[in-house]
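**Q** For 194, the entry in TrEMBL reads active site, proton donor. Sequence annotations record features per position, and here TrEMBL assigns active site, proton acceptor to 265. Residues annotated as (S)-malate binding site in TrEMBL: 247, 507, 551. Taken from TrEMBL, the feature divalent metal cation binding site covers 342, 343, 366. Feature annotation from TrEMBL assigns domain 'Malic enzyme N-terminal' to 171-357. Summarising the annotation, TrEMBL assigns domain 'Malic enzyme NAD-binding' to 367-620.
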């Protein structure tokens, strides 16, 4: 097993870095007599080195897990002048050094390799075989004990951001232990690695940034994105999560510091959906920021310029950069790589999904993922309140990506169930934006994605008046504005409905339209409630209510796995409906008795397998699957495809 690291320096005393006895030592490099070329998989960068001089033939050493000691000449030397021009410790400011290291994955370098490090779980044989004697304490412990120890350590932190940083440190030190810890304690750690804590992490990302965990593609890389993608060490990429940082959760424009979102999402793709970590690529597109606080922050890590939006010239610049990125992704990774758009502002989110939905395998979690998980919750809630979707009226506060995306998927499901024309199904759904109820008289001033929801109705400004006028059975908040479901609004819903369905979906917790306690108290314990961020159980008049969390993490990991294992080339709306139905089917009567309309997260891998199977089945049915033949049991196949974080034994 040979690995390359760019953390040490090529110098005239050798290619140094590893304490392994297999480290290469080029004793003295004569000027112009030795050429060292970095080559990657398929003979380009990052995985092998060619060492060439005037007297010896080319020698190629490839990164190969099966390489043995016999493959390596442990003492290649080249004689030459006795100068230390490239020695990093001796080099002066005006002398250049080359960051490079070539070593067998053993010894100290193995303990610094997050993909292969097992810490104290290396057994006695492995410690002998991989030169770890003396580098570790003598005890050998199991991965299970490591998990227990790490949870004890993380629980000692009182500040959520400290827990987040501890988890990120673990991911960079021991990848398999990180995922084992997250999978085994998903209900406790999900709020740490993702919402709500990830929001604070993004706000402070410049201060806590330590080492890159994804690709940063800025306007400086325009014209070179294909080359930038090739800098990433992994080649077999199956999922990319990309953001431009303009609308991070409910926190607004965080620019380059939005990278915490793709990193967090892809951690969940692996932990909850079983997608291999090496197949995941987080990307941030940096086109500047309009956040003055960040522009004036000395620790900000992004471009210090206004965001490339607004003026025609800037819009062209943005569109060209995104098109180059999308083309380069397809060229590098093929047609079946899933590109998930995350936290783009409304004006870009809809345009990108429409533009690339017919040419790439793309998915917008804010529009489609949120819609799918909310629809699943509504389908499950119907088992409590009765009736069909077509029997209910829906009122939204918020008409952006999430609100219109949810509304459209609900209308599609109503149309599918009743054979009602889509335009008629939409009339059962009303939306309120910052200017009030969306009605026909406003249509000339509406953004294009709001126009389908402009119905014949008199204008209404206040939400409570809209509740009393529309008389909805379901109230859904996607406004990104906290405490907008006031006591007056919730009481109005409770007056109209025996069991009002109230979804307060905005993230993070501080932006939630109301709390779980407010919803249950103001409705006298009758509300069926779900939120975007987690809330603790609520006791009301001797009964304990466990609020549901309409978390996108229920949907996108299983959806992604289903697309990958079927080799799908496009995302179809019917796949989203299939995912919703599969999730709703996992809610048991025991869950309903506790007031839950979503299944517990502790069963998330089983849930993801069922969602993946339903999505894959729909891909085969629609003729969008390329992986043939179709497996007979898609659920078992999904479980088989899932990444297992248990330690591997080394020969």
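Glycine residues also receive a Cβ, built from the backbone N, Cα and C atoms like all the rest.
TrEMBL entries are annotated by machine, without manual review.
Fair warning: this is a prediction, and the values are worked out from it, not measured in the lab.
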**Q** Just to confirm: which same-chain residues, 6+ apart in sequence, have a Cβ under 8 Å from the Cβ of residue 507 ((S)-malate binding site)?
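**A** Within the chain, residue 507 ((S)-malate binding site) has Cβ neighbours under 8 Å at 195, 196, 199, 249, 250, 532, 533.
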**Q** Any idea which of the recorded positions 247, 265 has the thinnest Cβ neighbourhood at 10 Å?
**A** 247
**Q** Compared by Cα position, which of the recorded positions 247, 265, 342, 551 is the closest one to residue 194 (active site, proton donor)?
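**A** Going through 247, 265, 342, 551 one by one, the closest to residue 194 (active site, proton donor) is 265.
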**Q** Specify the nearest of the binding-site residues 247, 342, 343, 366, 551 to residue 265 (active site, proton acceptor), where nearness means the distance between Cα atoms.
**A** 342
**Q** Give me the Cα-Cα distance between residue 247 ((S)-malate binding site) and residue 342 (divalent metal cation binding site), rounded to a whole Å.
**A** 9
**Q** At 10 angstroms around each C-beta, which of the binding-site residues 342, 343, 366 has the fewest other C-beta atoms nearby?
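**A** It is 366 that, of the binding-site residues 342, 343, 366, has the fewest other Cβ atoms within 10 Å.
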**Q** Of all the Cα pairs drawn from 247, 507, 551, the residues the record ties to (S)-malate, which distance is largest, in Å?
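**A** Maximum Cα-Cα distance: 18 Å.
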**Q** Who sits close to residue 551 ((S)-malate binding site): which same-chain residues at least 6 apart have their Cβ under 8 Å from its Cβ?
**A** 190, 195, 373, 532, 534, 598, 601
**Q** Around the C-beta of the residue listed as 'active site, proton donor', how many further C-beta atoms are within 10 angstroms, looking at every protein chain?
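**A** A count of 24.
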